[in-house]
Amino acid sequence: MEATKVYTQDGTVDLQGRPVLASRTGRWRACSFLLGYEAFERMAFYGIASNLVNYLTTRLHEDTISSVRNVNNWSGAVWITPIAGAYIADSYIGRFWTFTASSLIYVLGMILLTMAVTVKSLRPTCANGVCNKASSLQITFFYISLYTIAIGAGGTKPNISTFGADQFDNYSIREKKQKVSFFNWWMFSSFLGALFATLGLVYIQENLGWGLGYGIPTVGLLVSLIVFYIGTPFYRHKVVKTDNLAKDLVQVPIAAFKNRKLHCPDNLLELHELDSHYYKSTGKHQVHHTPIFRFLDKAAIKTSSRDLPCTVTKVEVAKRVLALFSIWLVTLIPSTLWAQVNTLFVKQGTTLDRKLGSSFQIPAASLGSFVTLSMLLSVPMYDQYFVPFMRKKTGNPRGITILQRLGIGFVIQIVAIAVASAVEVKRMSVIREFHITNPKQVVPMSIFWLLPQYSLLGIADVFNAIGLLEFFYDQSPEEMQSLGTTFFTSGIGLGNFLNSFLVTMIDDITSKGGGKSWIGDNLNDSRLDYYYGFLMVISIVNMGLFLWVASKYVYKSDETKEFSGGCVQMEAKALDTSPLTI
């Protein structure tokens, strides 16, 4: 019977480093233990991020610009720190152990944050809805708690999704087909957590207490971690094969610069490459030459120097990272648009009529649930109807290429910010009609006017957020897929930092010489429509750049690779920019 056992073909192992049986490990059964964690982690994150701007302004007495900037900076840190976590995972201890250590730091941060809003000595005292000014100790403890969460997120975010994708064997046709749907359903579980946060936790925070609002996701996170570790026997683990990714990536451009005056040989076989037996014996992947970024080929030229040149494989990995970086750059503006959901959209909502019935008042941050609801409705439709339909039209297993998916998402985002600007124009006209000047005076206009902009951003995310996660995982070199995924997370992080910079810059410029700030403390006397219009213009320019960069992009080959040293061929194929015909 032993001879009939079929092991995974991609070299995955168990925690002890032993080959794993394909029938008993991985696939959706293993992923089911991971999806619960993702739902609770998203619930925790959005339970904080969705309403943080209100906590900072009402409890810590921060002004609008400072609160928006601090929310953006914290969110940015949450999405930037994964670079370190991914590097540690890919270069040293693997995804599982990096996630394990980081998840404990994450939970510690949640416990500290719950204490910061619960323990009397750690929170500002409030009476009749008015809070005293927070002390330096209280502010410091609150922000230490927030940034402890950001550090923990650094090791969990880039590794949990890639660890889930590792449960599918690329060398199995059946599992590879299942993997196409993985990121759609992974994000679906993420959206469920976000939905509960924006609908339930935000209401609990504002009406039953911030301690309970933060305590519930903390307990949920602990339970989900227990469930995660129950699934340990079913997990597949990728072997860490790269010692120093940073050194490898830096070495190639330095070597190419040193050889810049040398002529690159016409015969590619004259470039330096190790014998294929080396790759077979080490289990590493050999990558064939591609015609992109030819200037880096000079790093592999054999010279009379004692220094060994870089291998073609090492050069191609550097090329792949450079190609990913070019796409990453044009995702920053779309990430900036998304940063409005937890900042200015919320502040905008606080000025509107939020009554539902005679007594119930909708928390402004709860409108973010419509981003999630539109995602939850759109993901099954995309996966079950759009992809099969387009697959028949195009022959692409994904229905459309990943970059086409991103482009559609970016266009919908531009429409969303245009709608936001138009709604703000309407809000300002109502303010003028009723002669409203007081910042606390409610504008007689329903908060549901904001619904279209939230819903459109949710639909856009089905295309670009899921598409980006899949793109950077799929297109990264084999040995650095955690680090590759951080292109996705760091893009969101930089987008938040960029929004923080933009609101500060716009406020400084527009308020010079006693002028009226576009984003003042009194939103009833500001011009958010101008700021949204500004974002729309730079988004349209960015869309043009995206189309140009995408047209030059060369996809990694989608062919099944032979295991144990098989070569990874990168296709010399640019993005198909032909229109989609339905």
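Heads up, the Cβ atoms here are built off N, Cα and C, so glycines get one too.
Look at TrEMBL and you will find 96-119, 182-204, 210-231, 321-340, 360-382, 402-423, 454-473, 485-506, 530-550 tagged as transmembrane segment.
Against the transmembrane segment (454-473), stretch 360-382 has more CB pairs under 8 A than any other of 96-119, 182-204, 321-340, 360-382, 530-550. Of the Cβ pairs linking the transmembrane segment (96-119) with the transmembrane segment (210-231) and spaced 6 or more residues apart, 3 or more are under 8 Å, so the two regions touch. The transmembrane segment (402-423) shares more Cβ pairs under 8 Å with 321-340 than with any other stretch in the list 182-204, 210-231, 321-340. Between the transmembrane segment (182-204) and the transmembrane segment (485-506), fewer than three CB pairs separated by 6 or more residues in sequence fall under 8 Å, so the two stretches do not touch. Within the chain, the transmembrane segment (210-231) has long-range Cβ neighbours (under 8 A, six or more residues past its boundaries) at 30, 32-34, 36-37, 39-41, 43-44, 47-48, 51, 55, 59, 103, 106-107, 110-111, 113-114, 117-118, 123, 197, 201-202, 204. Proximity of distant same-chain residues to the transmembrane segment (530-550), defined by a Cβ-Cβ separation under 8 Å and at least 6 residues beyond the stretch ends, is recorded for 326-327, 329-330, 332-334, 336-337, 340, 344, 403, 406-407, 410-411, 413-414, 417-418, 420-421, 424, 502-503, 506, 518-519, 575, 577.
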